[in-house]
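Features reported for this protein in TrEMBL:
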TRANSMEM  38-58  transmembrane segment
TRANSMEM  91-110  transmembrane segment
TRANSMEM  130-151  transmembrane segment
TRANSMEM  163-185  transmembrane segment
TRANSMEM  191-210  transmembrane segment
TRANSMEM  222-242  transmembrane segment
TRANSMEM  363-385  transmembrane segment
TRANSMEM  391-411  transmembrane segment
TRANSMEM  423-440  transmembrane segment
TRANSMEM  460-480  transmembrane segment
Amino acid sequence: MATKIDDFAPFPVKDQLPGVEYCVSSSPNWPEGIVQGFQHYIVMLGTTVIIPSILVPLMGGGDVQKAEVINTVLFVSGINTLLQSLFGSRLPVVIGASYAYVIPALYITFSYRFTYYLHPHLRFEETMRAIQGALIIASICHMVMGFFGLWRILVRFLTPLSAAPLVILTGVGLVVLAIIFLLQLARCVEIGLPALIILIILSQYLPHLFKCKRSICEQFAVLFTIAIVWAYAEILTAAGAYDKRPDSTQLSCRTDRSGLIGASPWVKVPYPLQWGRPSFHGSDAFAMMAASYVAIVETTGSLIAASRFGSATHIPPSVLSRGIGWQGIGVLLNGLFGTATGSTALVENSGLLGLTKVGSRRVVQISAAFMIFFSIFGKFGAVLASIPLPIFAALYCVLFAYVASAGLGLLQFCNLNSFRTKFILGFSIFIGLSVAQYFTEYLFVSGRGPVHTRTSAFNVIMQVIFSSAATVGIMAAFLLDCTHSYGHDSVRRDSGRHWWEKFRIYYTDTRTEEFYALPYNLNRFFPSF
């Protein structure tokens, strides 16, 4: 009888996610850590390649410029990842190129003032300088939000109920990215679908078939999947399977059409202002500030997910604000070096923490070393960057789902039998997905956003903010959670606020110091509150 009663007992609430092999403050042995770090590097390559591949040709650049921008993005991402893991949030997140900055970059690219440049290379450099100037201005607002504690004030009112839609939509709400990935899978279903199936089998089924304490297949499923499917794609390319296919299909599916290997230099170190002196325009800066706000929101979702998968306690508001401040420094570096986009905490790498159950900070720092190395030795990095995009699309389908599941896990702190909880959760997720989908489809169909005033910068600002499902969702959830029946006695417990109160102040919980303390005893000079 006792066993039957236990079967119906609810699962206990866990401040820290159990079942993780390595938490934030622990580390695997060096050989395993190096392979895990290389896996993180491979995962972030998809976003690193896609964004410059979209922007650089429209800016007037060719394969050489695209390769240089990709290497620059890699180099700056490595530096930003080290800074974030050492002095920022201290969580195992990879800082890389952000899709939030693509729309403002396109707005600058299609500006009338660049139509007078007939030479493509000259137009590329002038456009890059304008994007650099806008990023530098936006980074100042970014750093103010973080280092001056403005973001800390806001996230102190965040509860598990309002944070759940944020993390869920951070994982599944990248509408534009989802469309790009589905198109890649559709163009090369013979590559993308096997990659998706193999990854699921290796990571989810084989570890249970072979009873062992630590499964190699589970921890290195991404590397095995890429190796198998990439070799398969090489065979298809060599056999002439794509010789008579459309150019767009060949560009996505063939392993010899990226143009990166021939265009990349053997050795080159990216340096600040390599494209020339940045130019500054007010409308460009305001558009980039909107993208910076969206990047802050999406980074917050990724950091919360990373803290769960790293088996750390909930990230205190002061530490989260500190991480946002260092992300602002990362955006400043993006502007100085010329990456054509800003920075964010990559969702796919946060999902990889959940897939591998390895949330070690050291692993991510090793991946940063790989980024810097392959950005300097461009030929070697170009070989890996030429992996067909449908393979990355398949990987991201699984990794984004893991981040969304981290958001669902936050609901354990909430009262799901409360109708207030049901309304806030359901409405914020629905409105986040639907509004972002509407703005995105409107842009693709008509070539402009639904907000169409005489002030083009304002139109871009609205398009950037409301194209982000996570941003729309958290605005709705945060507003409703702070206003709906706020004075009622049960609201505090229904929203899970009482579970996170001990993490609102840095020193309230004794475990906080273990995961979020600055190295070299720097907390004496930069205290957290």
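Heads up, residue numbers simply count up from 1 along the chain you see.
Yeah, the Cβs are placed from backbone N, Cα and C, and that goes for glycine too.
When Cβ-Cβ distances below 8 Å are used as the criterion, the transmembrane segment (222-242) is approached by residues 35, 38-39, 42-43, 190-191, 194-195, 198-199, 202, 249-250, 253-256, 352, 355, 387-388, 391, 394-395 of the same chain, each at least six residues removed from its ends. Only residues 6 or more beyond the boundaries of the transmembrane segment (363-385), in the same chain, are considered here, and those with a CB under 8 A from a CB of the stretch are 22, 27-28, 33-34, 36-42, 44-45, 48-49, 67, 70-75, 77-79, 81-82, 85-86, 92-94, 258, 260-261, 263-270, 349. Within its own chain, the transmembrane segment (391-411) is flanked in space by residues 17, 43, 45-46, 50, 160-161, 163-172, 174, 177, 180-182, 184-185, 191-193, 195-196, 199-200, 203, 222, 225-226, 229-230, 233, 301-302, 304-305, 308-309, 347-355, 425, 496, which lie at least six positions past its ends and keep a Cβ under 8 Å from the stretch. Taking every recorded stretch in 38-58, 130-151, 460-480 and counting its Cβ pairs under 8 Å to the transmembrane segment (91-110), the highest total belongs to 38-58.
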